[in-house]
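Database features (TrEMBL):
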- 39-225: domain 'YrdC-like' (DOMAIN)
- 61, 93, 148, 167, 207: L-threonine binding site (BINDING)
- 84, 88, 144, 169, 177, 221, 256: ATP binding site (BINDING)
Ligand code: TXA
Ligand code: MG
């Protein structure tokens with residue numbers, strides 16, 4: 001009897017193939033990213049992004065790991081490549097003011113800052129414009145969005161693509177941001193296909209993040225634009241520190257809590273519950289569910305991640321008192337999916353930042 005471990009769906013396909021195919025596929029699995037200089041990378045980068053893949057690109061601050069912000073699979077791949085244990089909201093990068101205004105609603109103060117510092121190392125957190133096409137995984141389901149207009153290659157790429165790029169820093173989770181293409185290669189080279197080499201990034205640290213609060217601006221993250229320079233433009237001091245419950249998305253145990261209660265690892269569905277399913281085996285009593293959606297029938301965690309926020313919101317709208325969630329494995333993107341779900345299930349009065 002064959003005692004070898006059950007192959008995962010990814011390699012079981014390989015195991016059934018003749019040797020030559022097997023060898024070719026192994027090369028693909030252990031691929032090393034291609035490095036192309038900015039002058040020769042545009043077409044290749046565009047093709048990858050249009051195909052829902054990710055590309056490491058230089059910006060003036062640090063290298064970014066970019067994916068099409070309107071494509072859920074592309075955005076899920078960003079989290080997968082970084083090995084992020086959480087779905088933190090990402091910055092959407094735009095090519096011009098027209099694109100920015102299609103995505104977000106600008107208050108006068110934020111518009112003034114955009115005029116003064118864009119393109120450049122400043123990120124503005126703004127209310128989203130409804131129907132903007134941004135995939136909810138980019139904003140982790142928030143109704144605000146972080147926007148930035150980068151200088152150089154990134155700007156050209158976004159203009160050519162005609163769509164915004166979601167891009168966190170191009171480093172695996174827990175490591176420091178990469179400021180050279182070589183650093184990106186060393187860290188992420190075996191999990192992505194292309195690193196665009198634009199040399200060392202001129203600023204070398206991440207963008208400054210600010211958010212308008214009425215007539216004032218709050219500094220959410222110090223970065224490439226000095227706070228004093230922003231204060232000089234707006235003529236007022238920046239508010240500092242986080243206002244609990246709002247400016248630290250993903251940091252609150254009960255953040256993203258839907259109206260309905262959330263019950264994890266549900267092996268059955270009770271009267272009045274909605275069901276968030278995963279894979280092809282249903283929880284007992286699933287026919288009872290007042291509404292039901294499957295994150296991924298085939299058990300693909302990338303697909304599940306891209307559906308997570310939209311499906312939670314849709315099931316919440318069903319009016320069910322509880323959303324029962326089937327068990328989701330912890331491997332790959334499963335860790336971040338489970339992290340988000342356990343926050344949604346946390347007691348609602350728990351607003352302590354998680355460590
Ligand atoms: O310079 C940079 O900003 C680089 C380059 C690649 O553009 N990007 C970057 O992204 O540093 P990342 O994902 O490492 O940091 C994004 C930050 C996080 O701290 C996140 O919490 C915050 O932006 N953020 C994103 N959306 C937000 C929102 N809606 N409200 C408040 N903060 C938000
Ligand atoms: Mg980062």
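Any Cβ shown, glycine's included, is placed from N, Cα and C.
Shown on the structure are the features that TrEMBL records.
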residue: 61; record: L-threonine binding site; Cβ contacts under 8 Å, 6 or more apart: 121, 150, 201, 203, 204, 205, 206, 207, 223, 224
residue: 84; record: ATP binding site; Cβ contacts under 8 Å, 6 or more apart: 168, 173, 336
residue: 93; record: L-threonine binding site; Cβ contacts under 8 Å, 6 or more apart: 59, 64, 66, 69, 147, 148, 149, 150, 154, 158, 164, 165, 166, 167
residue: 144; record: ATP binding site; Cβ contacts under 8 Å, 6 or more apart: 125, 126, 127, 128, 211
residue: 169; record: ATP binding site; Cβ contacts under 8 Å, 6 or more apart: 62, 63, 64, 65, 177, 178, 206
Task = Please work out which residue of 88, 177, 207 has the most C-beta neighbours within 10 angstroms of its C-beta, and give that one of the binding-site residues.
result = 207
Ask   = Within 8 Å of the Cβ centroid of the L-threonine site residues 61, 93, 148, 167, 207, which other residues of the same chain have their Cβ?
value = 59, 64, 91, 121, 123, 150, 154, 206
Ask   = Is any of 61, 93, 207, 221 (binding-site residues) within Cβ reach of ligand 2, i.e. under 6 A, and which?
value = none
Ask   = Around residue 167 (L-threonine binding site), how many other CB atoms lie within 10 A of its CB?
value = 28
Task = Report the member of 148, 221 (the binding-site residues) whose C-beta atom has the most other C-beta atoms within 10 angstroms.
result = 148
Ask   = Do any of the binding-site residues 61, 84, 169 touch ligand 1, in the sense that the CB is under 6 Å from one of its atoms?
value = 61, 169
Query = Widest Cα span across the L-threonine binders 61, 93, 148, 167, 207, in Å?
reply = 13
